[in-house]
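Chemist: I have a structure I would like to understand better, so I am pasting it below and will then ask my questions one at a time.
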Amino acid sequence: MNFSKNLPLLVSLWAITFFAYTHAATFDIVNQCTYTVWAAASPGGGRRLDQGQSWNINVAPGTTQARIWGRTNCNFDANGRGQCETGDCNGLLECQGYGRPPNTLAEFALNQPNNLDFVDISNVDGFNIPLEFSPTTNVCRRLVCNAPIVQQCPSELRTPGGCNNPCTVFNTNEYCCTNGPGSCGPTPLSRFFKERCPDAYSYPQDDPTSLFTCPAGTNYRVVFCP
């Protein structure tokens, strides 16, 4: 290789890699529902979004086990304390942890091996709001879970404002995969979710059809009621 001739290319490649690993990813969170959604993010906090409003958060590279979700039928006081019917996070407007099921999740891990982000929509914590999770440019797949799951929810999974995942209700290995890899598989109740939202996790070990990748450095859009 002629090093001097290829130096500009090498510098450009280094700059792209450096940017992906050192710059936060931006998440544009949008409420297109006809009702108010109290958006939540871990990390990130939380904010009330009326119809048509949006909220931008920046997430540091290398962040893992992160999620964004919506809360419904909330009531907070001037100090940001209260409660929500679904997705509540310890009674706080600005969440400091995960939400209480049921809640539809946009999950992600940024800047993982091979310069990839791992992204998914999950119904493992149940379903409360239709959700889209997509890149802001066409660099990877658009994920959507937009079925009338609350209205069609099986009776044993129904709860005010949402539809529980069977793991939440029964808390057994059959539904929660608590005995480790390969210890559980699809069930009739998990298939209820999968048939309506093929892109989304329906049980904890649903990785082959539910976990997707995007290039590190991608920015994202999360839409309630796409």
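Any Cβ shown, glycine's included, is placed from N, Cα and C.
According to Swiss-Prot, the protein carries these features:
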type	residues	note
SIGNAL	1-24	signal peptide
DISULFID	Cys33-Cys225	disulfide bond
DISULFID	Cys74-Cys84	disulfide bond
DISULFID	Cys89-Cys95	disulfide bond
DISULFID	Cys140-Cys214	disulfide bond
DISULFID	Cys145-Cys197	disulfide bond
DISULFID	Cys153-Cys163	disulfide bond
DISULFID	Cys167-Cys176	disulfide bond
DISULFID	Cys177-Cys184	disulfide bond
Chemist: How far is it from Cys184 (disulfide bond) to Cys176 (disulfide bond), counting Cα to Cα, in Å?
Modeler: 8
Chemist: Given Cys176 (disulfide bond) and Cys163 (disulfide bond), what distance in Å do their CA atoms have, once rounded to a whole number?
Modeler: 16
Chemist: Taking the Cβ of Cys214 (disulfide bond) as the centre, count every other Cβ atom within 10 Å, in any protein chain shown.
Modeler: 21
Chemist: Long-range same-chain neighbours of Cys145 (disulfide bond), Cβ under 8 Å, sequence gap at least 6?
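Modeler: Cys145 (disulfide bond) has long-range Cβ partners Thr104, Ile121, Asn123, Phe127, Pro130, Leu131, Glu132, Arg196, Cys197, Asp199, Ala200.
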Chemist: Roughly how many Å lie between the Cα atoms of Cys153 (disulfide bond) and Cys89 (disulfide bond), rounded to a whole value?
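Modeler: The separation of the Cα atoms works out to 23 Å.
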Chemist: Tell me which residues of the chain lie with their Cβ under 8 angstroms from that of Cys74 (disulfide bond), as long as they are six or more apart in sequence?
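Modeler: Sequence-distant Cβ neighbours: Thr36, Trp38, Arg48, Gly82, Gln83, Cys84, Glu85, Asp88, Leu93.
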Chemist: Using C-alpha positions only, work out which of the disulfide-bonded residues Cys89, Cys140, Cys167 is nearest to Cys33 (disulfide bond).
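Modeler: With Cα distances computed to Cys33 (disulfide bond), the winner among Cys89, Cys140, Cys167 is Cys89.
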Chemist: Between C-alpha atoms, which of these disulfide-bonded residues comes nearest to Cys89 (disulfide bond): Cys140, Cys167, Cys177, Cys214?
Modeler: Cys167
Chemist: Which disulfide-bonded residues from the set Cys95, Cys140, Cys214 come within 10 angstroms of Cys167 (disulfide bond), judged by C-alpha positions?
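Modeler: Neighbours among disulfide-bonded residues: none.
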